[in-house]
Amino acid sequence: MKNETFNKYFYILPFSGETRYKPFISIFFSLIYVFGVLVNSFIITVICLEVQLHKPMYLFICNLSIVDIFYVSVTVPKLLQILLSGNHIVSFSQCYTQLYFFSVATTAEQILLFIMAYDRYVAICIPLHYHQILSRRNCILITFGIWAAAFLNSLLFVVSALNMSSCHSNIIHQFFCDGKSLTKTTCTTTQMFFVITGIEILLFAFVPVLSTCISYVNIFSVIFKKKSKESRRKAFSTCSSHVTVMSIYYGTILIGYLIPSYSEFLDSFFNTVYAAITPMINPIIYSLQNSTMQSVLLRFIK
């Protein structure tokens, strides 16, 4: 039997350890972080201050911007510290803390994207009951439920991950501590970890995506029955931004997790897209494809 040695720290080796490109990578991620935080903060401020946007759809967009700030704040500052200092060592506690908060952001976004699809379904398919179903009280409860589920689910996931023994290697070929990278360092995994991971994939990935697809089938069937071109155009514009965000988010996650374990560069690339670039472009997509958001934002800028 092999002796198991337990790591007290991990060695983050982002982008296959390309040291000559460190200045460019540092500038790139610095711009992503500053732009992502500023744009999402601006969206949150505008929605909070503008009474016209105090509606369920914009409440969920506001929450999405909070999640996007969460995403980049959990991953990018630590990466910049590693790149600028040259110290690639991350303690065991730091790594799993980052995993926890990244899992919170991931879970919250997955639930939120499903709720936003449901919001569009109610608004287009059963508009007469919209204010009753998505009342102010219900929206507050939904928002609280999203964050409570995210924090509790992530706690359960990290606790199950902590029971794994890290002994194969303490090198993580990624720019942050994520679940896929950590499983490559383990020599023993518990049955509970696989059970919890399977349940999470079912509850927070498969079910929301399937439900969203069913919702949009009903939404588009209603849209195509509308006689007015203007009403069809307006309905499409409110849905297209959400469909675009979902396609980018789930597309990059799916490709990232289907990539073989030896494709470290591609793995880092797709993780960069959904963990750093997507949070930056989400507010842009919603602003460009929503006429109400455009008019309000232009008024604030002026």
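Backbone N, Cα and C atoms are what each Cβ position is placed from, and that goes for glycine too.
Listed features, source TrEMBL:
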| type | residues | note |
| --- | --- | --- |
| DOMAIN | 39-286 | domain 'G-protein coupled receptors family 1 profile' |
| TRANSMEM | 24-49 | transmembrane segment |
| TRANSMEM | 56-79 | transmembrane segment |
| TRANSMEM | 99-118 | transmembrane segment |
| TRANSMEM | 139-162 | transmembrane segment |
| TRANSMEM | 201-224 | transmembrane segment |
| TRANSMEM | 236-259 | transmembrane segment |
| TRANSMEM | 271-289 | transmembrane segment |
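Among the listed stretches 24-49, 236-259, 271-289, the one sharing the most Cβ pairs under 8 Å with the transmembrane segment (201-224) is 236-259.
Touching of the transmembrane segment (271-289) and the transmembrane segment (139-162) is ruled out by the presence of fewer than three CB pairs under 8 A, sequence neighbours closer than 6 excluded.
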